[in-house]
């Protein structure tokens with residue numbers, strides 16, 4: 001139990017996907033302009049990473065490892081994730097139209113997101129058990145959402161400030177992202193991890 | 001050979017299985033939608049600007065099929081309405097192509113500056129400080145709120161004055177709602193001349209505050225062969241329905257308050 005909690009806390013704070021592993025920077029900069037879109041994207045990503053971590057763990061454990069094909073991980077995982085997102089979208093459109101509408105365009109966008117693949121590959125590399133894999137996937141996605149929502153708050157404040165001309169737009173966004181990232185480095189060494 | 005064949009077979013097998021599952025799912029979980037929605041969506045410009053009053057082109061397409069008017073998209077213009085009337089089988093409700101125009105020429109060098117504004121770069125905030133830094137309280141504040149609102153990049157702010165590139169303007173009207181001074185107006189794209197001034201003070205006061213203000217002298221009213229110009233609230237107004245772009249008014253205007261625009265159609 002203690003181990004599970006540790007994995008969750010590590011994935012959310014210490015090894016935050018965006019702020020310390022630099023995965024998924026594209027949505028981090030792309031959809032963090034408004035808190036509402038950041039929350040939408042976060043919801044979609046939690047959903048997809050949790051499911052894809054689970055499915056790729058099963059495929060890795062029962063298909064790739066027994067046949068000694070772990071070098072195929074990257075390509076097989078991409079295949080699985082793309083197909084899975086497509087399937088989830090089709091099913092959701094039929095049975096959960098409100099959720100489908102809420103997640104909207106963010107769901108297909110995630111198909112090629114490196115955070116999703118990164119999560120699957122990290123789980124394989126660290127040889128997590130099934131439960132650990134699910135918890136890690138879910139917490140990593142929660143960490144991703146946390147970073148996204150926090151940063152959207154920062155950007156909404158940047159919007160109303162008088163920024164020097166040379167820094168307007170992307171430069172100040174990257175500077176702010178670096179500062180938020182530095183803040184998260186404060187979690188390094190938490191519980192001696 | 002074996003060592004290569006098996007992995008290849010595995011990956012292609014996985015691909016095949018996923019493909020089969022997906023195609024099965026797409027048939028099994030198919031959601032019936034009106035095929036006109038896709039057609040209407042295809043015809044819409046896809047700018048997602050929201051000027052029609054719906055959130056995005058997808059929602060508007062759905063609303064059209066459910067009976068909304070087909071002429072609410074200013075971006076597509078008359079051609080779009082014609083296309084939509086074909087798809088929906090309703091009569092053509094096309095209007096005229098409109099563009100937005102800033103009815104002001106008071107850049108920083110034409111007006112007096114009352115004070116140095118150092119607050120939020122937003123027209124509404126700046127205008128709330130005794131009418132803005134410009135001496136003309138009717139004129140452009142120049143903080144670029146309209147520029148931020150424009151989804152098509154048609155507005156530039158230079159020297160404290162917003163200018164609209166009419167080739168990029170779609171007439172969606174978002175900038176109009178954003179301007180605290182209400183000096184952006186929609187005019188037909190075929191109109192070549194506008195009184196680019198919104199000052200409603202008497203001539204002497206207007207002139208004192210801005211070098212290019214309309215002073216309501218009435219010369220253009222007398223000159224116009226079509227009687228298209230009237231003075232309302234100490235300011236000349238061109239009736240675009242009567243105006244034929246002859247350009248006589250601009251020749252007699254003593255202050256340069258009437259501006260010439262490129263006629264687009």
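Each residue, glycine too, has its Cβ placed from N, Cα and C.
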- According to TrEMBL, which candidate in B:150, B:197 joins B:169, B:172, B:175 at the [4Fe-4S] cluster 3 site: B:150
- Note on the structure: Running the binding-site residues B:136, B:150, B:172 through a 10 angstrom C-alpha radius around residue B:73 ([4Fe-4S] cluster 1 binding site) leaves B:172
- Determine, to the nearest whole angstrom, how far the Cα atom of residue B:136 ([4Fe-4S] cluster 2 binding site) is from the Cα atom of residue B:175 ([4Fe-4S] cluster 3 binding site). 20
- Item | Fewest-neighbour residue among binding-site residues, criterion Cβ within 10 Å, set B:140, B:179 | B:179
- Query: In the same chain, who gets a Cβ under 8 Å from the domain '4Fe-4S ferredoxin-type' (B:234-263) while lying at least 6 residues past its ends?
  - Reply: 101, 105, 166, 187-203, 206-207, 211-221, 223-228
- Among the binding-site residues B:49, B:52, B:57, B:140, B:179, which ones place their C-alpha within 10 angstroms of the C-alpha of residue B:150 ([4Fe-4S] cluster 3 binding site)? B:49
